[in-house]
Amino acid sequence: MSEQPISGPPPTCPRHPDRVSYVRCQRCGRPACSDCQRPAAVGVQCVDCVREAARADRPTLTPLGGRASRSDTPYLTRVIVAICVLVYLGELATPQVYGEGALAAFLAVDQPWRLLTSAFLHSPSQIFHIVFNMMALWFVGPYLEGLLGRARFLGLYLVSALAGSVTYLLFQPVGSTQGVVGASGAVFGLFGALVVLQRHLGRDSSAMVGTIAINAVLGFVIPNVAWQAHLGGLIAGAAIAAGFALARQRRAPAIAWGTLGAVAGLTLALFVVKYVILAPAVVIPIA
């Protein structure tokens, strides 16, 4: 008698049982035919393992559909507060900081970056100005940053700041030299967004509505308060948040970014109409 090894059936691809394959997936060890092989760092992987890995790497979304960060720490809010405080200290050290970043109607066309830089400056002679804005940002910002994700939160903040600046300019003569600074437009944008999103999520927003009402009254009572910037930021923030809510309902992230772009575009269009198209027809008297 003679002994011979008994060989089993040849290995076949799980997806294509009629195909013999001696190449195995480096991850699961199953055979994979040429159509099911995908290049990997070492060897090949089967299409099932590649799909499973892609699903595991899919980013976690926030309640409003934004990309969730790996940490719950509101780093972006802290960075914005830190920038505002550092800039304020710079204003106290030298008046040039205020002069280079403040917004005034007669400078808006030639130096349009002031539409945003002014939102990071505050009145050096009124400390309560920066204290109020930073406290409001510190209380509201972390919640919205976690709800929206950092990218959408940053977009909301900057577009609200832009809308506040432009709305202020719409109420000013083209040649006005009156300067304006402050994060109030952006902060009121966060206020407006919070009200809309709270209602969208079925949560109580009465406290924030009361806060907005009180600050609206103070804007007319306290002198040298740019209520126009508050109004512009509030409207922009509410409109952007409505777009975020709609994007969540329809599961269409493009709506969120489209709303941000639309609000920013409309804001800039209003600025261009008054300060570029209509401005040449305005005669500014020379003293």
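Placement of Cβ uses the backbone N, Cα and C atoms for every residue, glycine included.
As written in TrEMBL, here are the features:
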{"type": "TRANSMEM", "residues": "75-99", "note": "transmembrane segment"}
{"type": "DOMAIN", "residues": "111-243", "note": "domain 'Peptidase S54 rhomboid'"}
{"type": "TRANSMEM", "residues": "119-141", "note": "transmembrane segment"}
{"type": "TRANSMEM", "residues": "153-171", "note": "transmembrane segment"}
{"type": "TRANSMEM", "residues": "177-197", "note": "transmembrane segment"}
{"type": "TRANSMEM", "residues": "206-223", "note": "transmembrane segment"}
{"type": "TRANSMEM", "residues": "229-247", "note": "transmembrane segment"}
{"type": "TRANSMEM", "residues": "254-277", "note": "transmembrane segment"}
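Using DSSP to sort the residues of the domain 'Peptidase S54 rhomboid' (111-243) gives these counts of helix, strand and coil: 100 helix, 1 strand, 32 coil. Counting same-chain residues at least six beyond the ends of the transmembrane segment (177-197), those with a Cβ under 8 angstroms from any Cβ of the stretch are 64, 84, 98, 101-106, 118-123, 129, 133-134, 136-137, 140-141, 143-144, 147, 156-165, 167-168, 205, 208-209, 211-212, 215, 226, 229-238, 240-242, 244-245.
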